[in-house]
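Colleague: The structure under discussion is supplied below as structure tokens; questions concerning it will follow.
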Amino acid sequence: GFRFITIILKNLGCRFVLCASGDLVKVYSTRTEEWLHSLQGHTNQVTGITLNPANHLQVYSCSVDGTVKLWDFIDGILIKTFVIGCPLFAIYVLSVIVLSECFQLVSVHLPKSAEQEVEAKEMSAVSSHISKNPSCTAFGRGVRVHFFFFLVWIRLWRNFIHKKEYTYSTQHWHHNAVNTLCFTPEGTHLLSGGIESVLVQWQYGADNRKEFLPRLGGSILHISASSDGQLFCTSHSDNKITVIESSFKVCGVIQGLVKDAVLTDLMIDPRSKALVLNGKPGHLQFYSLLRDKHLYNLDIVQQEYIYEAGLDQFEVVKAAFDIKGSWLATVEERGKKSSDLEFFLKLWAFDERTQSFVLNTTITAAHTDRIISMCFSSSEETTMLVTAAEDSQFKAWCQGADADTQQDQNFWSCDFVGSYHKLNPTNCSFSADSSLLAVSFQEVITIWSPDTWEMLTTLCQPPGVIRDLCFGRLSCSKYLLGTTTKNLLCCWNLLTCELEWSTSVDVSKLQPDPFSENVAAFSYQSKHTDLFVFKPSEPRPLFTNKNVCSEKVHRAVFVPREEPLNSCDESTQWLNRSQLYFLTQNMDLLTFSTATEEDRMLSSSKQLVIDDSVAVTPFYLLLGKHRQQQQKLNTQSHPALLHTPAHVLPAASVLCSMFVNSFLISNTGVQLKSNGFSYSVMHLLSISLKFLNSFI
């Protein structure tokens, strides 16, 4: 899975960017923004990476697993592992040799004070007699050092080693806490960043002279400069790395899954097969799971987002695709209280020319209260959207028709409004063929016919408000599944309108596979989540995985495979047609894979050796080896013929023999047959040799 953590950067020689991502260190190209390979070996979160001062082709990495690893990041080779035995939270390697024979690692208590200058007197030794050439410096067991930014200005100290000669100056621009600082290699400029998402460059010695690069995205968390000062890198709170030239122009963006709170469900775009969910504020992000790469953002709110705490701004809370991917429905809202609630229902049409979605219809008063559920019909012939809200109503939306011509128009309007005893609806779901619509009202499920909008029947759920609702697929399409807040999972047979079976289990998420009969149920109990995969027709689970994660799972999706697997193992057959992804409360995106897939991913992750003389591009990684081989084949076999002086060369007849012999094939069994005669290749070449010698 992909873990969202604070990215720690090291920009090396303007060609590579190394960043920590979960238990991996990922290597990217600054020129192409492509992921090259990963340094894999840690068993827990990577907390720091730093360049080896003695060899700029090597990096150190430290992790919470208590180890420090030395890597050759060009080839992705692990050179050495240092076992510390304690969780490590930072790493620092000395670049100069100090004459002192031993050092001490100390922890300093930073007292709370409103004064601008506070003397820190409380100091305790963590470790003594440290060698003058340490490989790393780590915090000891149970000891932490915390750094706080109390001020919004920057203080520059000069000659601080000499007590009587030091001076300082104060720089101020940021209106909030400064998150990170970085000097350029020459030391003539200082870079700073914070919540404003503006990179500020301060020039040393020039009062009030600074440059700004605004609107970079999320809050700036870290800044790194290349060793030659040609490139800067900034990492942001929205899980993004921005590559910036020294002229303060953005030249590249490396975007991961945005780690902000996800309010929408996990969705799959039927066209691109990309994962779709909340992105940066007011946007939906399209992310390729196959390439592990961000594709693009779709601006839903279409308003400038202000990065300031406490502001009430629009958020995308609901989204859904139709079965063909031609339409996208979104709900954006702001206002926590019902009296302050403001929301819009928008429908987006896919534009074949731009290969993106464009806004088609905006409905300002779709309901009088918050929309809590919506879904598209599953039919490819007609497109219908159903929304359910806390105003005790559900509404069906269809494309409008002109009253005069009776032709379909490119806009949406309300086709039906339904309710049930003034109860608030909780969920809505279409059957696989869209012939039935199920809408739950508190503890009751109502079944409707979308053709006539007649309520066909009601299903009384056992005590508890209905939490989730879904129909079976394919051969199990006659079943309807539901979960309640009373920890019950129930299955109804729609042909008999009777309860088929029920079981006592606390299901936090019920996710059907649209490409098979399988249904995944996530159950949270005893401070961990279990996964059950089953068919509605068979109460016995096909697959069970205990303790999948320690948090609740509220969002999951089945992703179709490009080619179905042929797994013979009964426990993994449910993964043949699609792959299950789920999102935890800690924003971990996890998935299941078979042993065959793991072997294939490991073999495909082996990278080619990178030549330092050429730029690392996807074309080079694809064709570089073949071009090198072709160059070797085109080299002359006998360069001595061209570079040796003529008066020292042997006779021309000898050279001709050497030249022709170089074309002789070692396999003498190859025969040429024509008109009943058989000739050896060696014999033919010998005749040619005699013929050539006759002219010399």
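The backbone N, Cα and C atoms fix where each Cβ goes, and this holds for glycine too.
So TrEMBL lists the following for this protein:
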- 1-19: signal peptide (SIGNAL)
- 39-81: repeat 'WD' (REPEAT)
- 77-99: transmembrane segment (TRANSMEM)
- 171-203: repeat 'WD' (REPEAT)
- 266-587: domain 'WD repeat-containing protein 75 second beta-propeller' (DOMAIN)
- 364-397: repeat 'WD' (REPEAT)
Colleague: According to DSSP, how is the repeat 'WD' (39-81) divided among helix, strand and coil residues?
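Modeller: Across the repeat 'WD' (39-81), DSSP assigns the residues as follows: 0 helix, 25 strand, 18 coil.
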Colleague: Give me the mean pLDDT over the domain 'WD repeat-containing protein 75 second beta-propeller' (266-587), rounded to a whole number.
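Modeller: Taking every residue of the domain 'WD repeat-containing protein 75 second beta-propeller' (266-587) together, the mean pLDDT is 89.
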Colleague: Just give the helix, strand and coil counts over the repeat 'WD' (171-203), going by DSSP.
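Modeller: Going by DSSP assignments, the repeat 'WD' (171-203) contains 0 helix, 19 strand, 14 coil.
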Colleague: What is the three-state DSSP composition of the repeat 'WD' (364-397), stated as helix, strand and coil residue counts?
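Modeller: For the repeat 'WD' (364-397), the helix, strand and coil counts are 0 helix, 16 strand, 18 coil.
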